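Working notes, beginning with the structure itself.
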Amino acid sequence: MGRVAIFSSLVIVAAVISSIASYQVKPANYAKLVEKQQKFDESFEKEFYVEHTKYVETGERSERLEEMFEHIRQKPDMFRLEMDNHPLPYLTAECTACRALVTTYLTYRRVLGWDRDRIAAQAASTCESLNILTPPNCLKIVNKNIDILLYIIDNRPSLTAQTICGIIFQSGTCVLQDPAFLNWSINVQPGGRPITASKTTPNRGAGDLKIIHITDVHYDPHYRTGYNAVCGEPCCCREGQGIPTNPADGAGEWGDYRDCDSPWKAVEDAVRAAARQHPDAAYIYYTGDIIDHGVWETTVAGNIVSMTRTYQLFRDVFGSKPVYTVLGNHENNPTNVFAPSYIDRSDFSARWLYDFSADQWSSWLPTATQQTIRQGGFYTVLVRPGFRIIGMNNNDAYTFNWWILYDPAYLQAQLQWVHDTLLQAEAAGEKVHILAHIPIGAGTSYRTWARQYRRILDRFWDVITAHFHGHTHADEFNVFYSLANPQHAISVGFNGGGTVPFSNYNPNYVVYYVNPQTYDVTDFESWYFSLTEANQNPNRNPIWMQLYSFSRDFQLSNVSPASLDGLVRRFASNPTDLRRYWEFKVKRGDPFIAAGCDGDCLLNHLCEIVTNEANDDTKCNALAAIFRNLDDELFNEEK
């Protein structure tokens, strides 16, 4: 989301977004529309700077400036959507806003010499006038991020608005063109088994291991039952936001479909329910985001309290069973911002988080993992002979991590480590599960990073047996296709959904069945409860039910890349099956079901399954050709 300035709305939007919709299918005449939009953006950018400068000098906004602000004003319902999930006309306007406002603020800083406090005050004023947060909270979120942003801008004088917006949006007229951000690469060792077909795996067996996948609890220590769930800010149901006049607008006992995080009792219930219903599980995966969405007032001390309480809950509930966890983008303070290890300023560095995580995770991980966790929040562990886990911190490649703008090549180090670890695993005859918070290859994964990861996956496709993600709060999967041979499906990314309802979801967790010889996922099932029903019965615990058993519900013999690739093609020709998948993906959240999902909506969800890299629409276009003819009305908006 990012329709205001780099110093205000981009900061806020980046901090609170969470995927709910899906990939956006582009119309057939997309290239022509982008060309037309490019001309509009160039004109808008120049005019906006002139009008905004007049406003700064006089204190009065012209009628034309008000019109321009209206064009870029943030729609409240966009707060709950990941950037690449925004409708194309709206995403286009956001790109326009980014270029205009970033150019304006860069000029104020570099040409007019505005100091830190003046920029902060102006950015907070913009945030307030666009109704993004309350005035005090606007100032809080700006102050959390502005010193980092100014440091980056001041030390990278060649950084332009086009590059900044190209990193964040990666689409439309915000296309990344700077070679420094496009041309870095890692060293991939030749070899490996050639990819000659889509990967097949065993069927589910009686002796399969069980793994519980919990993710995105988003515990909010400020959640209060009955408090305002329609507060007009990106995160509601919190003390300080008041009790609404209409009781229907009050937060539920067990959480709320609206833009609210989880009370502690809901976090605890989800973890205990998973342990109670699956006592035979061998391992637990947790793929990040313990911290709430109240990003304007998070603190290091507060984050430590929430994380400590959550990790202790895992220890208390699962006992001696190992919990393999990775960091979410919300764990750091400020949210999303993960500096290079060589940045040693205490107010910029994430070292506090890495040291804290190393200490907390030491009850589940061997001493050998300490070095890389303290270095960058990632690790590898040999779980049992022949089976290894790699826990990545891919938050550094999230397009809202400002430090990509400072030094994109710093992302090479962890990717090279992943490659080298896989090379050693291959030599030892080990199979590997990859844990990462942000879905690898999603539209908000930095494109160059995603391309380099695909090179790794092509090389080690038969070593990596599965990926496990969080972040989106959706119960979904992604099929990875070979970069060199796009017709071949070579891996699957499974998403655990989330126990948090933010926004419109029912809470869930996922259980995987894993072959004990090959360590392939052979089947998976999801468990959830109806938030509506739970809140109607606030004095008893929620009733957890099976949402689906995947192979059974879709008549599959296994969930191999080859099998799921076939299912995706079935979805393209069978909207009934695709709609069933969508209902499972949104976990039958009542607001989603009530709103429905039309043909365009279903196609967007279908394309998200097969998109491995921003702007690589090849697989999507092939499926769209089967599903229906592309409709230009998707992107038909007067400019």
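The backbone N, Cα and C atoms fix where each Cβ goes, glycine too.
As written in TrEMBL, here are the features:
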type     : residues                       : note
SIGNAL   : 1-22                           : signal peptide
DOMAIN   : 91-178                         : domain 'Saposin B-type'
DISULFID : Cys127-Cys138                  : disulfide bond
BINDING  : Asp216, His218, Asp289, His473 : Zn(2+) 1 binding site
DISULFID : Cys231-Cys236                  : disulfide bond
DISULFID : Cys237-Cys260                  : disulfide bond
BINDING  : Asp289, Asn329, His437, His471 : Zn(2+) 2 binding site
DISULFID : Cys597-Cys601                  : disulfide bond
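Note on proximity: among Cys127, Cys237, Cys601, the disulfide-bonded residues of the record, the Cα nearest His218 (Zn(2+) 1 binding site) is that of Cys237.
Apart from Asp289, Asn329, His437, His471, the Zn(2+) 2 site neighbourhood in this chain, defined by C-beta within 8 angstroms of the site C-beta centre, holds Asp216, Thr287, Gly288, Leu327, Gly328, His330, Asn395, Ile438, Gly470. Of all the disulfide-bonded residues listed here (Cys231, Cys237, Cys260, Cys601), the one with the fewest other CB atoms within 10 A of its own CB is Cys601. Each residue of the domain 'Saposin B-type' (91-178) gets a DSSP state, and the totals for helix, strand and coil are 64 helix, 2 strand, 22 coil.
Neighbours of His471 (Zn(2+) 2 binding site) among the disulfide-bonded residues Cys127, Cys138, Cys231, Cys236, Cys260, Cys597, defined as a Cα within 10 Å of its Cα, are absent: none qualifies. For the domain 'Saposin B-type' (91-178), the model's average pLDDT works out to 90. The Cβ neighbour count for Cys597 (disulfide bond), using a 10 Å radius and every protein chain shown, is 21. Across the structure, Cys138 (disulfide bond) and Asn329 (Zn(2+) 2 binding site) place their CA atoms 20 angstrom apart. For Asp289 (Zn(2+) 1 binding site), applying a Cβ distance below 8 Å and a minimum sequence separation of six or more within one chain yields Thr215, Asp216, Val217, His218, Gly328, Asn329, His330, Glu331, His437, Gly470, His471, Gly498, Val500. Within 10 Å of Cys236 (disulfide bond), counting C-alpha to C-alpha distances, fall none of the recorded positions Cys127, His473, Cys597, Cys601.
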